[in-house]
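Q: This is the structure I want to talk about, given as structure tokens.
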Amino acid sequence: MNQFPNQPGNFGQNYYKPVQGSIPANSEATNFQQNNSRENKSECELRQNSIAASMSAYPNGMYAGAENHNVENHENYTMVGHDHMEEVYGDDLVNEPRIAYSSDIVATFDGKDFGSNLHVDDTLDQQWAHFAGKQQHPLEPREIPFPVTDPLNSKIEMKQFTNIAAVLRYRGVHSAKKTAFIILDNKGKEFTSITWEKLASRAEKVAQVIRDKSGLFRSDRVVLMYRDCEAIDFVVSLFGCFIAGVVAVPINRFDDYNELSSILTTTSARLALTTDANLKAFQRDLNAKKLHWPKNVEWWKTNEFGGFHLKKKAEMPPLQVPDLAYIEFSRSPIGELHGVVISHRTILHQMNCLAAIHATAPAYESDKLDYLSIDREYTEGLSKSGLFLTYLDLRQAIGLILGVLHTVFSGYTTVWCPQNAVFVPGLWANLATRYRASFMLTDYAGLKTIAYNYQNDPKATLGFSKKHSVDLSSLRMCMVDCLNVDCEFQEIVSDRWLKPLGNQNPRATFVPLLCLPEHGGMVISMKDWIGGEEFMSPKGFKSPRTPENEISEVLLEKEALKLNEVVVLAEDDKARRQSKHPNTIRVGAFWYPFVDATLAIVDPETQVLCLPNIVGEIWVDSPSLSGGFFALPKQTEAIFHARTSFISSDTFQPIPSNQEFLRTGLLGFIRKGKVYVLGLYEDRLQQKVEWVDNGKQDTIFFHHYTSHLVNTIMRKVSKVFDCSAFDIFVNSEHLPVVLLESPAANIPTEANGNQVVINYGLLDLITTECVECLLEDHQVRVYCVLICAPFTLPRVTKNGRQEIGNMMCRRAFEHGTLPFLYVKFAVERAVLNLPVGEDAIDGIWSSYASGIRQNLLSDQELQYSGFIDRSLRYDAKTSVDISSCHTMLQLLQLRVAKNAEDIAYITIDGRGREGKNITWRKFDQRVATIIRYLQKKKYIKPGRVVVLMYTHSEDFVYALYACFYLGLIPIPVPPLDHMRLSEDVPAFLFLIKHYYVSAVLVNSEADTALRAKTTSQHLKQSAMAAKVVLPSFIVTSKISKQTKSIKELNVKLDPICLDPAFPALVWAFWSPDHRLTLTAYNHQTLLSICQIHKETCQMTHKRPLLGHVRSMSGIGFFHTCLMGVFLGTTTYLLSPVDFANNPLLLFQIISKYKIKDTYATFQTLNYIQNQQPTKWPNLSCLENLMIPHDGRISAFYIASLQKYFVKHGLSPYAFSTVYSNCLNPFISTRSYMGAIPTPQLLDLRALRHGLIQPCESADKPYALPLLDSGMVPVSTQLAIVNPDTRELCRVGEYGEIWMRSSANAISFFQSTDPVDMMRFNATNSDGFLGNGYVRTGDLGFLQITSHSMGPNAPVVDMQLLYVLGPIGETFEVNGLSHFPSDIEDTIERSHPRIARGGTAVFQSAGRVVVVIEALGQDFLAAIVPVVINSILDEHQIIADVVAFTSRGNFPRSRLREKQRGKILASWVTGRLRTTQVFYIRGSGEGEFQSSYVPDYNPSLRSTPSVSSRSTLPQRVF
């Protein structure tokens, strides 16, 4: 547990580098006295050592000569880890600058420091020199100048008791009949009570049973489970554990089973003490929640034990108590559970101090009234030492210390009533009167209820009882447990409640208590009358104590406090009179430190003593403090044994103190020896402030305290029930967040239970008021405000009362788990460090921005690859020179002539059995059959367009070659999907109409699908509506077979088909949005692709090929239709339908037929991975598994695939990604590289500027892991070019990928668009590259890296291609370029309710829009800040609109890819079905609701998504 969050920040004016390494020996350092153990020394020794340490460690005159000091330089520090602090520079801390239009990009990306705009002028030694001799040394502990005696017998000194259990035995004998505890009900009536004799007897009985029957040893832990109303049973068991020598572990929360189990496990407790009623209730709770009883724990009902009866002439068992008394478990501000160990010695130290303070509290004449004047019904039997009245929980913290332990130590009578009793007007004051209370313990929440009830209706208090009038004259101390002193309220309590009700000195009676609830509830400051003030004040000054200065206050300058400086404008009465002045803050003091405590003000970041009048963390050392956390040694060392440092005036170096302190986590200061607390470290907000002075930009941090902000909100904002405020560290900046609880956020319901519309206008008004009031009163630029219903924010238990836990709220806010109904952002004011590009108007590709990059990288080489030409030479199988071949048809005739009986194709069925072998002769005959049939059709002529609609089969290959021979232009397309007819049919009709399709060739399976009733009706109706005449459908598989060969038919290729501009083949590519792209390839290109594929993959005729999925285009097409003919090898065909039924069949075929090179899509591999097949075959033969992709590769996805398949025998070197697109199926590949792909980490911040900069760590939020796409194959050359200026990019920047290759497509089919035509004959601006380049439209870069070519191979340099993504999908904000996929990945990782792949980011009308498919539609407002923060932190942009839609509403392709274009179109046209829309910046301009108002429409329901299993298998993979 570390109570200080790991956030950077500069603490006030003290900016120092923490001490690192060893500290040089120094004469001053040797003067420190070792004080490592607080519990093994006597109180006197501890006090003397503490004083000696203070006097020797801090030179004379250090405090007296101190002046208010301002440090002008500012530097940030952050907490790192739990045990130490260190300085963090660069990316972790500093803010990215605003880059002007003419920003110097060289400075921006210089080394590892990314745009720091915080500079330090002074050297570190000069900073230390400012502190030498000026630091404020710790306040010395005070002595108790008199012996502490028993209030009932002044002859008995309490120091003779060695433990608190011995004191109880003493009370049981000498105050036997006096009442020890009285428990009241909610109406103030006595519920139960117990005398000291019975209390001691029952405790002895519990101890006896534990000793005799439990089997526990000394120091074993025993759990105590009692409810607050069972306080007497709790006290009995607690002291029973003390007497028995075991360690008590109180547990106060029964509703949290996980917390109970954690405590039982941590403490290894085997025994639990409780009551019969409590045990039955606990059993019912477990049964209701279907939980099991904790294991290995025995449960005893102590209310059935009775009392202890000592035999005649027998002596009491000796007390052999261990060091530890009890372990108190509590939660830290961030919700972590930890136990604090309390020893018996610690208890006695604190009891002595508290007894001395109570003994010196002033008593008044009326306090000595004859008890006969009071109703004897209540006063008879009460202790004459004093009566203690409280409603705080007696089982923990200060309630346990004062209400139980100190009651036993001082012999008081404690009267306890439930917290609900304070809500009864007049009851509390009458209880104090009835019992003649000497001391009462309260908290602000209860005391405010009591006091304000009296203010509203005094008669309810004064007339509450007819027996006696209200009189608080006997009250000596009204103790209030609080963290901050409420100056205004303590005036009200003193002057308008205590004084009117008879208290003679109300200001002295009111005693704020500064306690440490996280550390056992120990008191570190409270009002006392012991003396020693002259040692607390500067120069020994002691002001006379009067009733007027019993309440100490100061009026501080608000602006100075923001810089952690204490500038006092007025004190005490003057402060009260001037508190209404603007820009001031009124702060009240607790009092001097606790009598035996050493207290220091320390800079929490540097651990160096602060200067006077500077806010710092309160560190304290005292014998009354706990020894540490239970079973957490590292946290104990960091928190309970912290060491501060002072600056030597000789060496100007930090000298560590040997005295150990407890870090309280409280921020405050000391003035005239009194302790002022501003709040917890976690409750302090900080915000960056920038301004320009004399042309120099300055940056500092203003600090604000949650308590001040909350008070302002509660006073000025209407309809706020409670609130929380904190800051979050996003984008290297602290951003204030406010969470409001408001009754307006309760979801209204009608009488029938139906929910009605929420008044979002009222919620918007409340949040607007909050933003404006904090800006006006505190100059806090709020980042966002969220609203939820009352009692929904996370709370912590303090004194039995639930209070909002700021750090728990922050954690829940960051995780998006709170039930918020509304969120309002004010990013325009709060976010300062949004980066701006070099050219904010024209973007990163402009001449100006490109010129800056060119100047920055002027010493780097240009990015283009080499070119190795590999033209056709000899056919390896036939040893025939094929350099003169111009078409695949010539190679086919070569196979028929030379190897007619060799097998060309074999079909594999679903069981892995071979079908009928197709030899080259039969193949030739089947192609001739289709040629002969088509020649008879008059409308089939060379140059005509035909569509090949086939399932994966050899019929498709026959038809393809028949088209080649006849000079037809084939366009292969898959069959129509009956599940997506609304998408497929329009695309098919578009193809027919715009490209004048003469015929559609199909096989039997495709024909059956077309003739299906649903499909045929849909097709005919759509054709009629679109006025499209359907062409002839020819079923080629049903043509009568004939035995003539192609040669015998005397079929000759038309010469026009050999023209380089003639499209021999047209590939149809559908984007995820189902946008059709047709690319044309001539015969020479097809041969070149085969040649490049053969050379790069080292393919031979000796190994067969396999065609299975995606056979209509790309690599799948070549492996299915062309490579077998080109190599003269056998091609095995596996139907995608059979693969879907048995995914392992693919690898069984590969293993059986020793296939060396094959391909698979990402969908194919993902399908296999999801099916989890067993009995994998041996895959050692597979050397090259090609995975085509047309964009950026997911490094995490590839790693997971690789890990899975390597586990099943596939070589990690076999994974070969292939970069391909519609213009070239084989642009780059990792085939046979002999190296495992290693992600390269790129800096996203540099990437936005167009630069490539490696990132040093994957833990950085801006680190982008990127995999390469391999090397450039033969006969191919790549260049990286600026897409706008057409200048070659240099190494260190990225640009558009241009390619020159014989495998490039010749054109977009029948396109006359000048832009399309320009893409196919691109040249750079200076002509360096020459002509013939094709622009891919993808962004990427080339980089030379060193890799080992396989295991035990030498390291070689490789030029690798990295693909970033399509340039058409990028968008620019402030002149910086962003890839939507990166932002979408960030969003999907940010919250578990965001579906994977369920995010779309795009730019519309200049606004960045985020559309999210959410899981569930409740409390979507809680997710919005998580999304905005994640985008801001990783990408430094702010989304303008966040819209939510139900899961399944995204249009998706048959491959389950989201269709960005359709989502954008539906958003622009208002047809996107959204459940809520949040405007972060700007308004909806009438399209939706007004600015910042969510659009909640519960009537909308998501449509069921189309499962990928329901589509045709060949379209899935």
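In case you wondered, yes, glycine gets a Cβ from its N, Cα and C as well.
According to Swiss-Prot, the protein carries these features:
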type     : residues  : note
COMPBIAS : 1-13      : compositional bias 'Polar residues'
REGION   : 1-26      : region 'Disordered'
CARBOHYD : N35       : N-linked glycosylation site
CARBOHYD : N40       : N-linked glycosylation site
CARBOHYD : N76       : N-linked glycosylation site
TRANSMEM : 231-251   : transmembrane segment
TRANSMEM : 397-417   : transmembrane segment
TRANSMEM : 510-530   : transmembrane segment
TRANSMEM : 612-632   : transmembrane segment
TRANSMEM : 720-740   : transmembrane segment
CARBOHYD : N917      : N-linked glycosylation site
TRANSMEM : 956-976   : transmembrane segment
TRANSMEM : 985-1005  : transmembrane segment
TRANSMEM : 1051-1071 : transmembrane segment
TRANSMEM : 1114-1134 : transmembrane segment
CARBOHYD : N1178     : N-linked glycosylation site
TRANSMEM : 1261-1281 : transmembrane segment
CARBOHYD : N1321     : N-linked glycosylation site
TRANSMEM : 1353-1373 : transmembrane segment
TRANSMEM : 1408-1428 : transmembrane segment
Q: Who are the chain neighbours of the transmembrane segment (1261-1281) in space, where the CB to CB distance is under 8 Å and they lie at least 6 residues beyond its ends?
A: 91, 863-871, 1088, 1091-1092, 1095-1096, 1189, 1192-1196, 1198, 1216-1219, 1224, 1226-1231, 1233, 1237-1245, 1247, 1255, 1287-1289, 1294-1303, 1322, 1324, 1329, 1333, 1335, 1340-1343, 1345, 1358-1364, 1382, 1433-1434
Q: DSSP three-state call for N917 (N-linked glycosylation site): helix, strand or coil?
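A: Where N917 (N-linked glycosylation site) sits, the three-state DSSP reduction gives coil.
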Q: Restricting to the same chain and to residues at least six past its boundaries, which positions have a Cβ under 8 Å from a Cβ of the transmembrane segment (956-976)?
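A: Hits for the transmembrane segment (956-976): 887-889, 892, 905, 923, 926-927, 929-931, 934-935, 940-950, 984-985, 988, 991, 995, 997-998, 1001-1003, 1005-1006, 1009-1010, 1015, 1019, 1036, 1046, 1051, 1053-1054, 1056-1057, 1063-1068, 1078, 1080, 1083, 1111-1113, 1117, 1120-1121, 1512, 1514-1515.
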Q: Three-state secondary structure of N1178 (N-linked glycosylation site) from DSSP?
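A: Once the DSSP labels are grouped into three classes, N1178 (N-linked glycosylation site) ends up as coil.
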Q: Give the nonlocal contacts of the transmembrane segment (985-1005) in its own chain as ranges (CB under 8 Å, at least six residues past its ends).
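A: Answer is 937, 939-940, 944-951, 953, 955-956, 959, 963, 968, 971, 973, 975-976, 1018-1019, 1022-1023, 1026, 1028, 1030-1038, 1068, 1070, 1074, 1076, 1078, 1309-1310.
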Q: Distance check, please: Cα of N1321 (N-linked glycosylation site) against Cα of N917 (N-linked glycosylation site), rounded to an integer number of angstrom.
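A: N917 (N-linked glycosylation site) has its Cα 45 Å from the Cα of N1321 (N-linked glycosylation site).
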Q: Apart from its near flanks, which chain residues at least 6 from the ends of the transmembrane segment (1051-1071) lie with a Cβ under 8 angstroms of it?
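A: That would be 886-887, 889, 928, 931, 942-943, 945, 960, 964-967, 969-973, 987, 991, 1077-1086, 1112-1114, 1117, 1222, 1305-1307, 1309, 1453, 1461.
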Q: Quick one: Cα separation, N1178 (N-linked glycosylation site) versus N917 (N-linked glycosylation site), in Å?
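A: Here the two Cα atoms lie 25 Å apart.
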Q: For N917 (N-linked glycosylation site), write down the residues of its own chain that are at least 6 apart in sequence and whose Cβ falls under 8 Å from its Cβ; none is a fine answer.
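A: Same-chain residues close to N917 (N-linked glycosylation site) (Cβ under 8 Å, separated by 6 or more) are I903, Y905, I906.
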Q: Quick one: what's DSSP say for N1321 (N-linked glycosylation site), helix, strand or coil?
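A: Assignment for N1321 (N-linked glycosylation site) reads coil.
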Q: Please report the number of other Cβ atoms within 10 Å of the Cβ of N1178 (N-linked glycosylation site).
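A: I get 11 for this one.
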Q: Ten-angstrom check, please: count other Cβ atoms within 10 Å of the Cβ of N1321 (N-linked glycosylation site), all chains counted.
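A: Result for N1321 (N-linked glycosylation site): 12 neighbouring Cβ atoms inside 10 Å.
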